[in-house]
Structure formats: structure tokens, C-alpha cells
Amino acid sequence: MAGVWKVLVVLVGLAVVACAIPHRRLRYEEVVAQALQFYNEGQQGQPLFRLLEATPPPSLNSKSRIPLNFRIKETVCIFTLDRQPGNCAFREGGEERICRGAFVRRRRVRALTLRCDRDQRRQPEFPRVTRPAGPTA
């Protein structure tokens, strides 16, 4: 019976210590890297995207919710399970996207919301062709 009590005390002690240890804060760069990896996994058969710049929030007070804001650009590599975008060159004239979202961590649950839209300011402009409205001779 004494052995059972010792095991129970050890288990309770371990549970208290596990609850008392704070979650390690993820660095903003780590969260952005995870978000980009998640985004690229949805690009099967499409070009991978690589990080151009990340804009961390002015202050990161929350351990549980991290707002995301970063830009990515298309690379010359196509998605495969083992390909890392960091090893791929940017595609000349490649599409750029602005990504916004949030990373939320509550106890053992992690959630990522992410939306990456084309950066309209960075798209190449094509010359406009004007034609006369009337019939041509």
C-alpha cells in the first residue's frame, strides 16, 4: 500500500510541475515559418512561395494570440514533400502575395487563420492597347 501512495504522490507532483511550467513563447519568426509551411502545403503541383518580409506586431503581449502580417513571393520550385522554399530562387516577375492572419495557442490546441492575397501594388503593369471605336478602313 505504501508503494501505491508513493506512485500517487509522484504522479500528482509531476502534474503540478507540468501545469506550473509556462508554455515556451514562440518567436514571431517561428510562427511565420510555420504559417508559410502550411500555406505551401496547399500548393501541391504549384510553385512554392518564399518569405520576402515579415512585419511583427508593435508589441507581442499575448502568449496565446499572435497577429500575422507578411509578404511572400513565388519561387522557381514546384511543391514536393521534401522541397524547402529557402533553397529555391525567386521567380523573376513572380507573383507576390500579402498574408494576414493570426496564430492562436490555447493549452494543447493550436490554430492558424491565414489569408494570402495578390499584392496588386507589385503586379507588373501591361501596356494598354487602345483601338479606335469606329470601323477601320
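Backbone N, Cα and C atoms are what each Cβ position is placed from, and that goes for glycine too.
Of the listed cysteines (Cys88, Cys99), only Cys99 is recorded by Swiss-Prot as the disulfide partner of Cys116. Swiss-Prot lists a disulfide bond between Cys77 and one candidate from Cys19, Cys88; that candidate is Cys88. A distance of 19 Å separates the Cα atom of Cys116 (disulfide bond) from that of Cys77 (disulfide bond). Take the CB of Cys77 (disulfide bond) and look out to 10 A: across all protein chains shown you find 18 other CB atoms.
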